[in-house]
């Protein structure tokens, strides 16, 4: 469902030095003692993302092995201003000397033994023989710099002596991954988790307090290791529940916060500092739109810049989209034009409650009585404001007046909420029922959208509004006006006194 993206890095071999045979005085245990002093083992996981995704990447056994071989020098610990020169170090790796005309074939045969670390060249020039090449092997798979039986058998087929040489490989800042750099720089023993969301050219971080002294370095590392990222920001306040935006600090790169993103094959433009956009909701946007059919009606109460509304309009649905934030409303109009659905969406800049009591009630009052067995329209109401949306559900109590049409399909609501309860589905249902004033047992479904934080889930509850909630049936007294009676002098005198 989601695509794993580890912090990218570009790596290359620099300043090749010299090599020596395994008979050298430098023993294998001594080499690994040298490497061990550079290890920066910090337990835990590293959260990383690609564009519209956000994931936790657990540390694997292979990752720990990489840490032993590919850790920056200890002197970078505590660095707050990035100095790329300080990351140079030399490691010892095993190599095979191979005739250049057979290097390609041998590389395929030894693909599980050669150095597989992305970005590093596995074949380099032999400084002593222009007709040969050096094939770099993975030191973790060549214990004691000695080839195993299977590798020796392969070399025998190519008439290559099984002599493994030691080679001094110089690594620079370009050869280290983001997580390796941050593990080496931040204080040892502290959590170095530093995830970010990708929003176009912007990387958005939520740094913890102990990471703040290193925030500008972290921002620059992210730009260096992720092609296309030119601006890194850190959230400095919680999301405002009124306009759903937050304060942010630019940590590195350009201060251009107007960006373009692509979600589910639809392009959106927005000012990330003024509107709400969460790339981790792309799957949920797609899930709801998938429920819609051409000809359906969608009421998007908290529409933002249009991630529900625009794909629904492209699906030939009738769309009513609203957002209280004037900036979101303007970008919604802009994105309607950008995606050529400007004439298919009616946009509003209103409070969500007023939108439901006004345009939504008016449209439902007009369209529901027109439903027939042959021609029915499905109505969907999306309420994606998880901090408050459940409190808006009371609007549906007696929203319409009259008797429900027997052939009408009552509107389906998709309402979002946060829950810290041990049973979030039950919690969301009970809170929805409290607002509606009725039970939803057997009449609703709940869906886990995502984990927002430890013990905090974002949920979606979907239900068809019960007729006894949506409609206010006129009572007999309201249907027939009371008969008039003659006013007496007593009535007149009482009215005069009261006035």
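Glycine is no exception: its Cβ is also placed from the backbone N, Cα and C atoms.
Owing to the predicted nature of the structure, the values given are computational and were not obtained by experimental measurement.
Per TrEMBL, domain 'SAM-dependent methyltransferase TRM5/TYW2-type' is recorded for 196-467.
According to TrEMBL, the feature S-adenosyl-L-methionine binding site maps to 285, 323, 324, 351, 352, 384. Packing around residue 324 (S-adenosyl-L-methionine binding site) is summarised by its Cβ count: 21 other Cβ atoms lie within 10 angstroms of its Cβ, all protein chains included.
Sequence annotations record features per position, and here TrEMBL assigns region 'Disordered' to 479-499.
If you look up TrEMBL, you'll see 479-493 marked as compositional bias 'Basic and acidic residues'.
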Next item on the list: Tell me the Cβ contacts of residue 384 (S-adenosyl-L-methionine binding site) under 8 Å, same chain only and six or more apart in sequence, or just say none.
Entry: 281, 300, 301, 302, 304, 308, 414, 416
Item checked: Spatial neighbours of residue 351 (S-adenosyl-L-methionine binding site) that are distant in sequence (at least 6 apart) but have CB under 8 A -> 324
Notebook entry, point to check: Around residue 352 (S-adenosyl-L-methionine binding site), which residues of its chain at least 6 apart sit with Cβ under 8 Å of its Cβ?
Noted result: 301, 302, 322, 324, 383, 385, 389, 392
Notebook entry, point to check: Listed S-adenosyl-L-methionine-binding residues 285, 323, 324, 351, 352, 384 - what's their greatest C-alpha to C-alpha distance in Å?
Noted result: 22
Margin query: Can you check which residue among the binding-site residues 285, 323 has the largest number of Cβ atoms within 10 Å of its own?
Written below: 323
